[in-house]
Amino acid sequence: MKHLALIGSTGSIGRQVLQVVRSIPDTFIIETLAAYGRNQEALISQIREFNPRVVAVREETTYKELRKLFPHIEILLGEEGLVSVATEPSVTITIVASSGIDALPAVIAAIRQKKTIALANKESLVAAGELVTTLARENGVQILPIDSEHNALFQCLEGRDSSTIKKLLLTASGGPLRNKSKEELQKVSLQEVLRHPVWNMGPKITVDSSTLVNKGLEIIEAFWLFGLEAVEIEAVIHPQSLVHGMVEFCDGTILSVMKPPSMLFPIQHVLTFPERSPAIGPGFDFLSNRTLEFFPIDEDRFPSVHLAKRVLLEKGSMGCFFNGANEALVHRFLAGEISWHQIVPKLQALVDQHRVQSCLSLEEILSVDAEARARAQEC
């Protein structure tokens, strides 16, 4: 049996994690849950179904309600509760299914307790890649990627000699605005931005997909996750979203992972790793998917990927600043304070102004993140 901690249980990834757990009986035990969203009814339902030892929440009203409903379960509040969920002694795999930097202290604590990390939280690596990966190496901890593209690369790289690897290729659907001209992009609406052609995701990541900032974040994440210093990391537009990642080797061979655009596949792969279990949904059908298209990213319309590569080259505090500033700008767009076409220019201006510093501690990282968000609110 695998004993799981699940951070972000009521979000999109968290719910799909539990779907996989249900589909493979007698394999997993949900030891702890953390839900920092406002979907109290969903969390109550999960607690009744999985009967975890410990539950952590952010809202005090939810905390009080859960203590009344479940007196036999340890209910915790705030960041300390999140860390407790991630580091519960009975847990062997800590699944980080939430988005945002709020999960970073729990990720670091779980690594120090030598928990295997199943990671769907790209912010942890973008903002604190050096700290997280250094701690993982020192503690002999494996980080298993849940993000579809990184999971595909992980499968292609498994057991390979790193000296034979030439290039990592991440695919991007192109987002909801991929076919719009530069002029049309000046006046897109919130409704257009949130209408993703392939994936059903939360609003923040859907906006990131529309600007292609998400792909830039994934390039940074891939650098820290796989630690291949001399290997080129590129992104290409693949509208069908059937090829999720490719690895090119020195002899010209390219390996890829192909599957339907569903997060259930990478989640199941990570939870059952290193074993494999029968798929819980239909797999890839070559006969009904005869067309696979690949296009270069138009950097004139979508300059964010180039900006992210620059951020990666500068390292230090730049990834943390880039991530925090982008998140604040996206929230301003969702609140109607700025237009879509202002997000990336404002982000670039903020990056240009940031003075890179070393970020070796959690406290330094959180300080830079707070600075980035404050600056993004003012610009």
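Note: Cβ is positioned from N, Cα and C throughout, glycine not excepted.
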Worksheet entry | Annotated companion of Thr10, Gly11, Ser12, Ile13, Arg38, Asn39, Asn121, Glu123 at the NADPH site, Swiss-Prot, chosen from Gly202, Gly216, Gly227 | Gly202
Discussion item. According to Swiss-Prot, Asp147, Glu149 bind Mn(2+); which one of Glu74, Glu79, Glu218 is annotated to that same site?
Written reply: Glu218
Worksheet entry | In three-state DSSP terms, the structure that Asn121 (NADPH binding site) belongs to | coil
Worksheet item: Record lists Lys122, Ser148, Glu149, Ser173, His196, Ser209, Asn214, Lys215, Glu218 as binding 1-deoxy-D-xylulose 5-phosphate; longest Cα-Cα distance in Å?
Response: 20
Worksheet item: To the nearest whole angstrom, what is the C-alpha distance linking Thr10 (NADPH binding site) and Asp147 (Mn(2+) binding site)?
Response: 17
Discussion item. Of the binding-site residues Ser12, Arg38, Asn121, Gly202, which one has its Cα closest to the Cα of Glu218 (1-deoxy-D-xylulose 5-phosphate binding site)?
Written reply: Asn121
Discussion item. Between Lys122 (1-deoxy-D-xylulose 5-phosphate binding site) and Ser12 (NADPH binding site), how many Å separate their Cα atoms?
Written reply: 15
Practice prompt. Using a 10 Å cut-off, grab the number of neighbouring Cβ atoms around the Cβ of Asn121 (NADPH binding site), all chains included.
Written response: 28
